[in-house]
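Remarks on the structure that follows.
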């Protein structure tokens, strides 16, 4: 068996995070933690020790036990088939519809490819399908409310909603679908005149013969109130409790300093063992003469930094560069001084003087003795922003070195706290605000991030900073434990960082992306591993017969569903069998179509980078709709041909033809998932040459 067949940003990405959990090393990811925790747990239970580096594609696992993590994802991916089968069986009460749905997923090369590697996608799809099945099951118990099965499926729906959201934020889509189902359910309950049991009690009628309507209204309120309370407990309180618990476990397990530290605030980092702020003791309030580091509040920007290199010719004034840098470094150290004196504030004969909100200060770079400086020259990358430089000799510069320090949402005169105070630095001459644009400087700037002075004074994370390290021998130290944030603050910060991280996922250079309209038509796949004809290649592409059948089915459903909806609305009298099939089509098919829309159309509104695999949850719903729709259409064909001798076989032959066609297409395209060798499909000598049905397929 070949030991590595994945692109680095997929299996390498999430396998490494599983290792972090095993080693208890803190990291940052744009997704919630549950999926990675489960991967790490699967690795731990199967004997993986967390020592494989997951550095790049092509690295062999050698003696490392990786099969537990892959096997876990494959197991959850395999469960999608019975979940889809049971969901369609419940919605249609038709075994052929359920079997056809199961076949569509069994013989799809895309689902197979995603399920055989260490990825979040099979875990996410497992919880989405489990939530859908649970919802359908508790809907089927509507005639037995508050029974044990009813409570079980309602509770399981809530558990799986928490699971879906805990893996990826797109789990919100299944939450919206269940929410819509719940609102619709309660609305129908509110209009059900048979709900009130009080009005059916003859004793009450005899005692209070003139109050049936009042009693009915009271009974209805009590019944709907019980239903509403049950749904609040199981679909809101329970999922929120479980979702919060995953973060409690996440923060408890990842208690060691790691590569994710720099994405979070200084106060957050103080809780991580091995971080220089952990168990540290530093002065609480900022004073003149203190040596400090200044950290941006914006995610992944880092520390205010300078070095001896100058801006190149033609880039503003040829003065010392000022940037932001993500890593700890001596060049991050600054000395805070008064703007109007050169006396040494650390002189033992002088009293301690604290820096206060509204003070005018100078920041002197400790390593080069140049002051933080700005002027009307344009910034290197950001238009209409001013350049920020290091200027002066041994701390002596000019009035362009003066900055007013302000604490966000504080009164003038207040002291400035280390870690906790959120500060802004206003340039006294130009009136601009110190900030980082987040843009990467060219090689002359060592690919660090641009610092500018923006004339736009609106408070943004780009222009908000906090003091992290603080050294002042004249001040007493306090333990940073008293400044550590509470669990709600940690959880809120983690979500803000993840949301900003998601919004910041933009295409870089020649990085491959895809557009949502590409996905349903299977326009272009995604290379999982291998590029050349000598490589072992795996290519993520849906089985084209399955995917194009799904696309056709959505169009046919919209057409046939519209016809039946109009006919029923107009009061047309349909034969009993046709009317029953139309109800299944409109109600069961409607839920599946809604699921497809919920999991597909929101991607058109997203500004972040998108990939082909984002469509697969929607593909599950379109496959279930296909199974349900073709079963109904073939039954309608058989009914319309009832006078012919072969009418009874139309449905059976139709289902068998679909099953055989799907299976044969899988036989043709299975090398995409199991691996290809030899010439690429563009080469006529390639065994896959005849299967390159679209020019955009590059396997």
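From the backbone N, Cα and C atoms, a Cβ is placed for every residue, glycine too.
Summarising the annotation, TrEMBL assigns domain 'MIR' to 283-339, 352-408, 413-470. The feature transmembrane segment is assigned by TrEMBL to 71-88, 119-138, 150-174, 228-249, 545-568, 580-603, 615-634, 646-669.
Long-range contacts of the transmembrane segment (545-568) within the same chain, counting only residues at least 6 positions beyond its ends with a Cβ under 8 Å from a Cβ of the stretch, are 104, 107-108, 110, 520-522, 574, 579, 582, 585-586, 589-590, 593, 596, 619, 622-623, 625-626, 629-630, 633, 658, 661-662, 665. Shown for the domain 'MIR' (283-339): DSSP residue counts in helix, strand and coil, namely 3 helix, 27 strand, 27 coil. Of the two recorded stretches, the transmembrane segment (119-138) lies close to the transmembrane segment (615-634), with three or more CB pairs under 8 Å once pairs fewer than 6 apart in sequence are set aside. Taken through DSSP, the domain 'MIR' (413-470) splits into 6 helix, 27 strand, 25 coil.
Summarised as a single figure, the pLDDT of the domain 'MIR' (283-339) averages 90. Residue counts for the domain 'MIR' (352-408) under DSSP, split into helix (H, G, I), strand (E, B) and coil, are 3 helix, 29 strand, 25 coil.
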